[in-house]
């Protein structure tokens with residue numbers, strides 16, 4: 001009886017072992033087939049205004065691994081030289097606007113194998129102390145990349161800082177400039193919400209949005225309030241146009257980037273003269289977060305920080321109406337200058 005039980009147990013273990021090995025072999029084959037679907041082949045075609053050589057691309061896994069190690073300072077000078085990596089000045093900059101979706105845009109563009117992003121906001125052109133350190137200091141803040149990749153950084157304060165257009169022009173008069181905008185009143189409230197959260201973390205009190213956005217003496221919109229002033233997009237853009245032609249700007253719809261990101265990213269790819277590489281595979285909707293997250297490959301996914309998508313406080317409807325009426329003529333002028341129309345109230 002005992003012998004039969006032992007034989008039966010061995011038989012069950014053999015069956016379970018066979019199933020486990022079979023499942024493992026299937027997973028290995030499956031991962032291999034999916035890995036072959038990743039964009040590891042060279043880009044067909046050229047990019048850039050002067051017709052540069054073809055971009056030598058490599059597997060996305062290699063990009064996320066090796067370059068990440070270099071960014072953390074773990075690579076030797078010999079490794080950097082052997083891999084032909086450089087720290088190069090950006091060929092495109094996301095110059096604004098604050099709370100328009102600059103971080104989301106940067107992270108999504110980084111899905112493209114020909115794009116390498118600066119992880120932190122450098123604040124070189126808008127900060128006098130940093131700017132005094134010189135262009136070489138700025139270059140050394142850039143990530144390692146291959147010579148024909150595009151390095152992109154974002155510092156949304158650039159858009160509203162008066163000295164920045166001339167400073168960037170002196171660095172590169174043909175640079176490509178990205179501006180991501182949202183409906184101006186919504187953007188102003190989002191700006192306020194971020195500051196409010198920071199105050200609350202420090203147990204500090206803060207004025208209500210209505211008190212800041214409306215001048216109590218005149219009952220008109222308070223244009224001295226930074227959140228309101230930033231949303232007057234055309235005023236800031238006109239300052240940039242003194243140095244750069246409108247063709248060097250691309251306007252991204254920040255509201256659409258939230259709900260339907262792929263078409264917006266495809267427009268940016270075209271503006272940067274990049275072959276299309278970002279697909280719906282790279283973007284998946286996270287129902288819990290209420291936002292699209294990023295899929296680099298079968299292993300590596302990424303969602304934006306939890307601070308994105310803060311719940312806005314309730315604002316007096318009459319204040320919202322007043323702000324929308326105030327922004328309306330500025331919006332119309334912005335449409336005319338940029339050639340892009342939005343369905344803003």
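Here the Cβ of each residue, glycine as well, is placed from N, Cα and C on the backbone.
The transmembrane segment annotation in TrEMBL covers 12-29.
Look at TrEMBL and you will find 90-334 tagged as domain 'Sulfotransferase'.
In sequence order, 186, 189, 190, 193 constitute the residues six or more apart from residue 312 (3'-phosphoadenylyl sulfate binding site) in its chain with CB-CB distances below 8 Å. Annotation comment: TrEMBL describes 99, 100, 101, 102, 103, 182, 190, 292, 308, 309, 310, 311, 312 as 3'-phosphoadenylyl sulfate binding site.
The active site, for sulfotransferase activity annotation in TrEMBL covers 99.
Look at TrEMBL and you will find 293-303 tagged as disulfide bond. Contacts of residue 303 (disulfide bond) defined by a Cβ separation under 8 A and a same-chain sequence distance of 6+ are given as 286, 289, 291, 293, 294, in order along the sequence.
The candidate set comprises the binding-site residues 99, 103, 310. Of these, 99 has the most other Cβ atoms within 10 Å.
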